[in-house]
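Below: the structure, in structure tokens.
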């Protein structure tokens, strides 16, 4: 099961279908115990490593731009602003995650809520992807727009929303091209995942890196690299319709299974 959950996380993290929802639903469907939030975060750590590897050139630009600002004491190039966009966009999720983390892990991991979020944010993704004007790159953002996208990321504390789905929707609403919105979404996740991992290490120690966590982390890392390369290639010629329909179908399955389980039919 650990390997399968790692594969699910590696794939679902970068598709707008909510990886957290899948990590919750898989044990629910097949009567395994929910491995919990700490294990989820270890799987997310694997996807963080994949983001650093797949976007190493973009991260080098971010670091080099920051060093250039420190040296020159001013912004000389539009690329130099990327670190500020990522930092500003990370604030809402960091604040709300800190405040509501315990509540979310206790009360929001419910199948019916997940189904509802899959449908609602599937509709939002469809509307923003279809009807907004899309002419900008992530380098054309203003700090206010980065903050709005960050609030989209903060909503992903609710399972079923999808962090990538919410941030891509916000980016599309603000005019980002499809591939640009997707890249910014992926890069924006890095500080939050890193912060979550460090927070759990601080509270629970390095014991969270047990054998199961290391196996899951490794599998999610390798799977995520494949998923990132695939989705960026796919979006060059396609839209998000496939994933929107998947969200609707999954929500329907959740409701059916929930009804059957509550009536002791399965």
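Each residue, glycine too, has its Cβ placed from N, Cα and C.
Taken verbatim from TrEMBL:
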| type | residues | note |
| --- | --- | --- |
| TRANSMEM | 7-29 | transmembrane segment |
| TRANSMEM | 41-62 | transmembrane segment |
| TRANSMEM | 83-100 | transmembrane segment |
| TRANSMEM | 112-129 | transmembrane segment |
| TRANSMEM | 181-201 | transmembrane segment |
| TRANSMEM | 213-232 | transmembrane segment |
| TRANSMEM | 244-260 | transmembrane segment |
* Residue numbers, six or more beyond the limits of the transmembrane segment (244-260), whose CB comes under 8 Å of its CB atoms -> 16-18, 21, 25, 28-29, 111-112, 114-116, 118-119, 121-123, 125-126, 266
* Sequence gap of 6 or more, Cβ distance under 8 Å, 3 or more pairs: do the transmembrane segment (83-100) and the transmembrane segment (181-201) meet that? -> yes
* Structure fact -> If you count CB pairs under 8 A between the transmembrane segment (213-232) and each of 7-29, 112-129, 181-201, the winner is 7-29
